[in-house]
Amino acid sequence: MSNSFSLHFPDRDPCFGDSSNSSSVCQVPTLDMINFLNISNPSAYLAAYCLNPPGDSCAFGYCPNPDVASPAVRISTYLTTIISAILVLYSPDDVQASFFSRLLNVYSLIIAAIISIANRNLTKPHTVVALGLAASPLSVYLIIYVIRSMIGNQNRLETVFGKGKWLNRGAVMTLLPVWLAVLVFSALPESTWNFQQSACDEVVDEGHVISLFFKPFLLLFVVFPESAIIGFGLFVIAWGTAIYLQRQEIWKKNKKLPFQRMWRKVVDAYPFIHFCTVILFPHFFWLVNIEVGVSALLKETFTYTYGQILALLVAIPPLIQLCLLLPRLLHWFADLTWVRLLTCRRDRPRAGYSQQRSASEFSLPLVTPSPKSTLYSSNRPEEAIPLQNASSMR
């Protein structure tokens, strides 16, 4: 027998539950609302409404999903991802210990999204948040390192993806098809699969939720054109200047444009450009894109629940690793050319660091520098090469 009652929902004042509106009308439930659930508190009513939100109603917008998009989950993901990327760049030996923990974080986001989609307990925006958090620049770097290892090219993650590390390689390479499958499935028409609160999908950009969520990256150049152009221009100028100064080393063997040699020579000679290219700018755009999408479509708040506190605790081990690495990163920063120029130390590198070649090809320990450590390029002693050999790790 059909239940027509489930298709009707109580009328409400448009401002009901709006904490910014002090009008008494906005805080008093209607008679229909009281008769419907006998709940007179706005927050309690919204909580009851979001326990199982109807698919044909979008009276309150998308309901929050703290397991996927809460501030605690996002902050924890940002911290672990950025710190892990820094460790990959400056202390790759320490990545081996935390590799599977980081990979499990990514898989947990995607698997949780798949299960919730199958049970119709996940909205499209929350699906995209899960996919966005999983598709970090670090995930892209790991895939690139796996591909390089499989074709026989040595790289800084040789201890993780080197010869015989098929389990590690397979775990990373499986991420890409699974991620793409969930993204394509989420972009299918509503007739294919009904996500939770599908009525809200039609309200938001006429159902183009997936494409809307990835627009902030482009909107940055539309809303703030001057800042975006200046930042992008400075980045291009820095790379152009570095290529020009290293032109004799780059084109020493042939007249063609050797992209791999150009990359290696520039990042070896100018480590701050390396840092901005692979750490600062990619993660900045990734983080801003997700935060703008969340603020525009979702209403997520922090609550002291087990899941959110656990998400924050996950970020503690990477923070400890970063703290151990921080003293050496500070030395690296202090020895950058532009920093020494500002501090009137242009031709005076910090004392106490040897310029001999390192016995380790890929990394140095986090503790005090070895007498054989390499922190400076042999052909450019004024430029610091942070924490690793400058030869062949790009």
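Cβ atoms here come from the backbone N, Cα and C positions, even for glycine.
TrEMBL entries are annotated by machine, without manual review.
The feature transmembrane segment is assigned by TrEMBL to 72-91, 103-122, 128-147, 167-188, 217-245, 266-286, 306-326. Annotation comment: TrEMBL describes 356-394 as region 'Disordered'. Residues or ranges marked as compositional bias 'Polar residues' by TrEMBL: 370-379.
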(message) Let me check one thing: do the transmembrane segment (72-91) and the transmembrane segment (167-188) come into contact, meaning three or more Cβ pairs under 8 Å with sequence separation of at least 6?
(response) no
(request) Report, as numbers and ranges, every residue of the chain located at least six residues beyond the transmembrane segment (306-326) whose Cβ falls under 8 Å of a Cβ in that stretch; write 'none' if there are none. (result) 66-67, 70-73, 75-76, 79-80, 83-84, 86-87, 90-91, 94, 98, 101, 105, 366
